[in-house]
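Engineer: In case it helps, TrEMBL gives these features for our protein:
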COMPBIAS  1-10  compositional bias 'Polar residues'
COMPBIAS  40-63  compositional bias 'Acidic residues'
REGION    1-64  region 'Disordered'
REPEAT    88-130  repeat 'WD'
REPEAT    131-172  repeat 'WD'
REPEAT    226-253  repeat 'WD'
REPEAT    257-298  repeat 'WD'
REPEAT    355-396  repeat 'WD'
REPEAT    397-435  repeat 'WD'
Amino acid sequence: MESESESGATADTPPLETLSFHGDEEIIEVVELDPGPPDPADDLAQEMEDVDFEEEEEEEGNEEGWVLEPQEGVVGSMEGPDDSEVTFALHSASVFCVSLDPKTNTLAVTGGEDDKAFVWRLSDGELLFECAGHKDSVTCAGFSHDSTLVATGDMSGLLKVWQVDTKEEVWSFEAGDLEWMEWHSRAPVLLAGTADGNTWMWKVPNGDCKTFQGPNCPATCGRVLPDGKRAVVGYEDGTIRVWDLKQGNSIHVLKGTEGHQGPLTCVATNQDGSLILTGSVDCQAKVVSATTGKVVGVFRPETVASQPNLGEGEESESNSVESLGFCSVMPLAAVGYLDGTLAIYDLSTQTLRHQCQHQSGIVQLLWEAGTAVVYTCSLDGIVRLWDARTGRLLTDYRGHTAEILDFALSKDASLVVTTSGDHKAKVFCVQRPDR
């Protein structure tokens, strides 16, 4: 079945020139003042008023030394091997999410099952402030593109935004049950998907809002494309939609055989935004052209590994795609499966290049920028680094006593920050002899 456009729009939709937000009683239209030469990196900047997109010079990382001795909320040692440099231990239940501030990579925000979120310093685990007021598990947290704002979202759909320097709450909103949340890469604009099928977009902190209505089922995952003008959203019914963030219409809709045969679990885009990679509980990963909306490749696991370490009376879980991503320096894609398989696919030949087996299910994977190294975290509580060119395990990092639920990688790949079911977040210093 061919890709559809519910609005009749095509891939040749003209470039974004205005961005409208709907308030309670009015429509605020922000108009580009000087068209100038078309520069995708500047388009959204010209479309939204009161937003300063001027890029500041990258700040140097925190040069303080590691603090290894225990402090309040910081654990210096644990029973068994612990490769971490710092442990943040102020959460009282499973820690579900982590994000690093993109400007300096010196701060982390974590959210957990204890209905709490904290902003803290990576170098020594010192708490900067608590993002208070949530009444359900905090499952999403992240910093804005310029690190001035931090957003937290809980399962009930309560979203809050805080000014990092003043530590004050500047915006909040109650949406439906939250599925995912992401900041725009160039603007103080927050997007989120909810269980009612809507994708929301807010300008923060004034709260101007726009919604993108999907099918009558949860919007399970989403990602803003690198051009900042489109977003790809996956849904529980297996459909995929590429949205025009200005017009509010779907540019491409993939459903039926073009979509997935089960709920979407994850989406990713390559560096220039020309390709989209989608994953689902149907065990398939699909490569989609962002320009045409056509499926240009499908990856399926060649073998399904048996579920390891099943206790008496436990049933084997069905396999699914849990995480995926594109390599930035080679035509490779990585797909992580619940059965513990890390598959490295060659995009040019659409063939399986390497299959790397874990002892338990993969939770998330991340590619190191500028290299062919892929990081994985899994239910066995271990972070592993793999050379995607050879399929060889480079090293691993241990220290958690329960499953890792999320992790983040610093821009220079010197730090890995993990969160776990053991109620802790950990900072690992990555040392690789091949650097």
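Cβ atoms here come from the backbone N, Cα and C positions, even for glycine.
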Engineer: Do we see three or more Cβ pairs under 8 Å linking the repeat 'WD' (397-435) and the repeat 'WD' (131-172), pairs being at least 6 apart in sequence?
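Structural biologist: When sequence-distant Cβ pairs are counted, the repeat 'WD' (131-172) does not touch the repeat 'WD' (397-435), since fewer than 3 lie under 8 Å.
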Engineer: Run through the repeat 'WD' (131-172) and tell me, per DSSP, how many residues are helix, strand and coil.
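Structural biologist: Counting residues per DSSP class in the repeat 'WD' (131-172), I get 0 helix, 23 strand, 19 coil.
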Engineer: Same chain, outside the repeat 'WD' (257-298) by at least 6, Cβ under 8 Å from its Cβ: which residues?
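Structural biologist: Same-chain residues near the repeat 'WD' (257-298) but 6 or more away: 1-3, 5, 11, 218, 220-223, 225-227, 230, 232-240, 242, 251, 304, 318-326, 328, 333, 335, 337, 345, 347, 350.
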Engineer: Just to confirm my parser: what is the rounded mean pLDDT across the repeat 'WD' (226-253)?
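Structural biologist: On average, pLDDT over the repeat 'WD' (226-253) sits at 97.
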